[in-house]
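Asks: As annotated in TrEMBL:
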COMPBIAS  1-11  compositional bias 'Basic and acidic residues'
REGION    1-44  region 'Disordered'
TRANSMEM  76-98  transmembrane segment
TRANSMEM  118-140  transmembrane segment
TRANSMEM  147-165  transmembrane segment
TRANSMEM  171-191  transmembrane segment
TRANSMEM  236-256  transmembrane segment
DOMAIN    279-478  domain 'Major facilitator superfamily (MFS) profile'
TRANSMEM  282-302  transmembrane segment
TRANSMEM  344-364  transmembrane segment
TRANSMEM  408-428  transmembrane segment
TRANSMEM  440-464  transmembrane segment
Amino acid sequence: MNDLNDIERAPSRRSHSLRPIQSKGDVASTTKSEPSTGAPLKREASAIEDTAAALAAADPGIEEEKEDSGLPNGGYGWVIVLCILGLNACTWGVNTTYGVFSAYFLQNNYYGGTQLDYSWVGGLSAAIAVFQGPFVNWMVRRFGFKTPLYIGAVCVGLGQCMAGVATSFAGFIVCQGVVFGIGMGFILVPSQPLIAHWFDHRLSLAQGLGQAGSGVGALIFSNTTPILLHKLGVKWTYVINGCICFAILFPAVFLLKGRHKAVQARSAPLEFKWFWHPGYRWILLWAFLTMMGYFITIYTLASFCTDALGLSQKQGGAVQSILAAGQIVGRPLWGYLLDRGGRVNMVVISYVIAGITTLTIWMLGRSFSVMALYGFIAGATNGTIHSASTPLSASVVGLPDLASALAMYWLTLGVPNLVGQPFGIMLVDYSRNKLGRTGASAYTISIGFCGGLYLAAAIVLLGAKRYLQGDWKVFKRT
């Protein structure tokens, strides 16, 4: 019963700091400011002075430990943000570019697969990445956080290079889906809590800037990949992308620093209590619904433009690039708004916007300009989860338990990451084969399902708001 009470008690997200030891001068000035009360008090003050001096002489670094235990809210923390940006560019950003490859494979019958076959590969890499959360957390406890990061950097680069030389679809799945997915997981799981070690007041903004790396990577790779495919082919395009990942990931991992002791962070590999934690269970359900819609959007939007609207491959790629630009702008922007207007409040607003625009602009859009507008809004809103997951988790479970809770968070995302895009494609196939719909109308059910997921996620997150503030006042800053 005591354990359950401890779980239900929402700890503060601020790290515990050590109480400063008064120096001899501080004690002396304090005693001088007080009126004299006799010899006993003088002897007590003298004893305090002697104790303070002895402690300072025995451990001259005790003052430094006090300073290190606080959150810097800047300084080297901005280097950490830049490193996280690079990691996200070479993981989520590169994974998003798989949509360009799958379109090329379909157009040129490269492996002889169908649209549904190729849709499983992108989801497989993302699912494998997040399913590793508990195991990677165990590795962090056993070997430190940099060991899995270096392993991940090797796997990401090798996965890309090996995918280029794969001669069969099965071999391609192993390289692009499994090896690359393992690399993603070994990088993302230990790196995501690190920004929270350096920021408190500006945590959401810093997290948003770091997560903007996904958009930066997607924007760069989605524009360079078609050019390389046209000039060099699949093999050398994958090899070049892999070499770029090597060149970015290793310096970024080298520069990363954690403050696990200062923030008293734990990395328990499996703690299923978070699934029924009265506040965190709402975070997990929100994440599940959000990622289902997210993968339908980012992997279906370009094919909707070309397949349903008859736009050119260049225009479809342009819409995908505009979506990536929306991520670059939106993730830091929502990170800033999360700090200003309340984390839960702003995330709810973000996904209400994502849901409404999906059900209106995307569902009714029939031109490049309209789809470009939706692409930017979608990129700016539907990926808010990547900026908000760590700050929201820290608010609910506290900084010491953040890594443990995030391990279960990543595990929860495995299913929607794997089936999100294939499920959207299945709905399109159902509309075509069973309902006889063609063109844009064949995507109506899939788009409606996607928009409904975003709105449902926004409603579910109100449960976490109720847990944090203790009431159902919607407009309270939380």
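Backbone N, Cα and C atoms are what each Cβ position is placed from, and that goes for glycine too.
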Asks: Return the stretch with the most CB pairs under 8 A relative to the transmembrane segment (282-302), choosing among 76-98, 147-165, 171-191, 440-464.
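Replies: That would be 440-464.
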Asks: Does the transmembrane segment (76-98) reach the transmembrane segment (440-464), going by 3 or more CB pairs under 8 Å (6 or more apart in sequence)?
Replies: no
Asks: Is the transmembrane segment (236-256) in contact with the transmembrane segment (147-165), using at least 3 Cβ pairs under 8 Å (sequence separation of 6 or more) as the test?
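Replies: Stretch pair touches.
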Asks: Can you tell me which parts of the same chain pack against the transmembrane segment (236-256), counting only residues 6+ beyond its ends and a CB-CB cutoff under 8 A?
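Replies: Distant contacts of the transmembrane segment (236-256): 79-80, 82-84, 86-87, 89-90, 94, 97, 145-146, 149-150, 152-153, 156-161, 163-165, 187, 191, 194, 221, 225, 228-229.
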